[in-house]
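Chemist: Okay, handing you the structure first.
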């Protein structure tokens, strides 16, 4: 009887792997493979790393990309809302930068406008870095070391120092921020990379319907869904007043529509949901079951799904903290001016 | 005649080296040699590095030691005043952390109270990190990875997780932040490490009296002097209203007394003076000559001294950006509460 159970369990595990392979995708091995951009090179990645950590991309000289998407903390800031220029709050919970190169893949159309919007939107947002295109170009252009780095990273361009290339360099760096996890080893066929409990959690994640929205390479991050399909989230989780995707579409039905959050490294990126209203992963799983699936899960089911989600915590290879170019007499000085949101 | 001039110049250069050796001191080779603390080990240094970069040492979860003493920017923040909790301004220009292990050497008396004051004062200051001893200990104690790291860094202690040990670990890390420069090579006898102009600048630095206050291993950083010995600085440079060392001594004559700034890496750490009022190194040298030495220097003299000061820019070995411990359900959440200054 015992032998039969093990056999059955093993058959189920095989079936789970087969189903998982149809829904999810393992991370690629290299940054180049990860990147949907032009061929990238180390000069561009190194430049992007410097820019990513450079607080002089903000008007005040205090906020860098890394301030809210902190690579020491799983690529986010572990706050409900982020603190930006003038101690203003950004209106959404900061998502992790890790593996985010894959998030907007289907919206990626290769145009400059989109690239700028993705990498450099926060730089120009009043409540975030509150800077301007002109000032960023003047800041970078005032430091000979940056000018050299841009020339090396964009060798065939007449005027390599530009806002657009700043975005492109940061994108190149971002494409290196990939965190393969035990789940990827499992998907790639390594037996035993997941524990039996985690495999059961994965099966539940598929069976219960979580994977309808949270699928693909990042377990989400590629489409928008209403928050509260079956049941309204409580007021705290919902953060009433947030207008969600309505802001983009100006369609009333989108008033509570948000991107399905990518779930890689989710165990590192509390608090959860668009408003960062929930700090416990188990609680977030329970709320999702209630509101999105219309099903009250048992504690054991929540516990297994949570165990599976923790297997998505990846390995991040520590990187070198950059030494940034020295300012000169023409570098714009820190400004307290607050730009409109 | 030309040969004679070279000979004379060379003799002057030798004399300058001899005089420099009497006034200044080269940096040590190792962190242990630099440290005036107990023997330090790599576990303690690594722990200190993590704590140095951890924004959860601040009440808001946004500010780390590195926010204002940024190792990518010469160990400071390139702002006149720093931005702290609630976007408040710290009342002084942030000094560089680089080589700062040597700064207070003469005040170091080995007591815990002093260690806490040095490394952890900003953590508890309302306008800086605005945190409390209790909350810091609870924050660290809530993360098993930190508990393990503290146990490894302080192996013979019953309760290694403490505010005091947090300070000791940061001190251990700080003692590794040493930046040998071309000047050190020169002082150690390497001919040609400084250019003739830099050596002339060094001779002027000594002859004009700069080295009366700016001497020792850090060219300053070890004693206090009035700002405005011969002449009042103009209102901007003076930043009237700052009470200077009066705050400590409560002695009226100390109302305009400040620490002589250490000058290593000074070319990286604009703006200058206690209020960060001056952005150009040449201008700062000129103001110092006027106010502290009662002497209007020629542009050429200022230029040579500035060239010499730039030879104090050291080599900083890039370090690994840490991966910080993951929060748990008992980790104190970010707080907006502002503690008194």
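Cβ from N, Cα, C; glycine included.
Automatic prediction, not curation, is the source of TrEMBL annotations.
Per TrEMBL, the features are:
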{"type": "BINDING", "residues": "A:65, A:68, A:69, A:85", "note": "heme c 1 binding site"}
{"type": "DOMAIN", "residues": "A:196-313", "note": "domain 'Cytochrome c'"}
{"type": "BINDING", "residues": "A:210, A:213, A:214, A:288", "note": "heme c 2 binding site"}
Chemist: Let me make sure I understand the structure: which of the binding-site residues listed (A:65, A:68, A:210, A:213, A:288) has the fewest other Cβ atoms within 10 A of its Cβ?
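Modeler: Ranked by other Cβ atoms within 10 Å, the binding-site residues A:65, A:68, A:210, A:213, A:288 bottom out at A:213.
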Chemist: Per-residue pLDDT averaged over the domain 'Cytochrome c' (A:196-313) comes to what?
Modeler: 85
Chemist: In Å, how long is the longest CA to CA span across A:210, A:213, A:214, A:288, which the record gives as the heme c 2 binders?
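Modeler: Among the residues the record ties to heme c 2, max Cα distance equals 11 Å.
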Chemist: How many whole Å apart are the CA atoms of residue A:214 (heme c 2 binding site) and residue A:69 (heme c 1 binding site)?
Modeler: 21
Chemist: Could you measure between residue A:85 (heme c 1 binding site) and residue A:288 (heme c 2 binding site) for me? Cα positions, answer in whole angstrom.
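Modeler: Rounded to the nearest whole number, the Cα-Cα distance is 33 Å.
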Chemist: For the domain 'Cytochrome c' (A:196-313), jot down how many residues DSSP puts in helix, in strand and in coil.
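Modeler: Helix/strand/coil tally for the domain 'Cytochrome c' (A:196-313): 57 helix, 9 strand, 52 coil.
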Chemist: Provide the number of Cβ atoms within 10 Å of the Cβ of residue A:69 (heme c 1 binding site), excluding the reference atom itself.
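Modeler: Its Cβ has 23 other Cβ atoms within 10 Å.
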Chemist: For residue A:214 (heme c 2 binding site), just count the other CB atoms lying within 10 A of its CB, please.
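Modeler: There are 24 such Cβ atoms around residue A:214 (heme c 2 binding site).
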Chemist: What three-state secondary structure does DSSP assign to residue A:65 (heme c 1 binding site)?
Modeler: helix
Chemist: Let's check the environment of residue A:85 (heme c 1 binding site): how many other CB atoms sit within 10 Å of its CB?
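Modeler: For residue A:85 (heme c 1 binding site), the count of other Cβ atoms within 10 Å is 25.
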Chemist: If you measure from the C-alpha of residue A:69 (heme c 1 binding site), which of the binding-site residues A:210, A:213, A:288 fall inside 10 Å?
Modeler: none
Chemist: C-alpha of residue A:213 (heme c 2 binding site) to C-alpha of residue A:68 (heme c 1 binding site): distance in Å?
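Modeler: That comes out at 26 Å between the alpha carbons.
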Chemist: Give me the Cα-Cα distance between residue A:288 (heme c 2 binding site) and residue A:68 (heme c 1 binding site), rounded to a whole Å.
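Modeler: Between the alpha carbons of residue A:288 (heme c 2 binding site) and residue A:68 (heme c 1 binding site) there are 25 Å.
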Chemist: Enumerate the residues of the same chain, A:65, A:68, A:69, A:85 excluded, that satisfy the criterion Cβ within 8 A of the mean position of the Cβ atoms of the recorded heme c 1 site; list them in sequence order.
Modeler: A:63, A:64, A:66, A:67, A:77, A:82, A:84, A:94, A:122, A:128, A:129
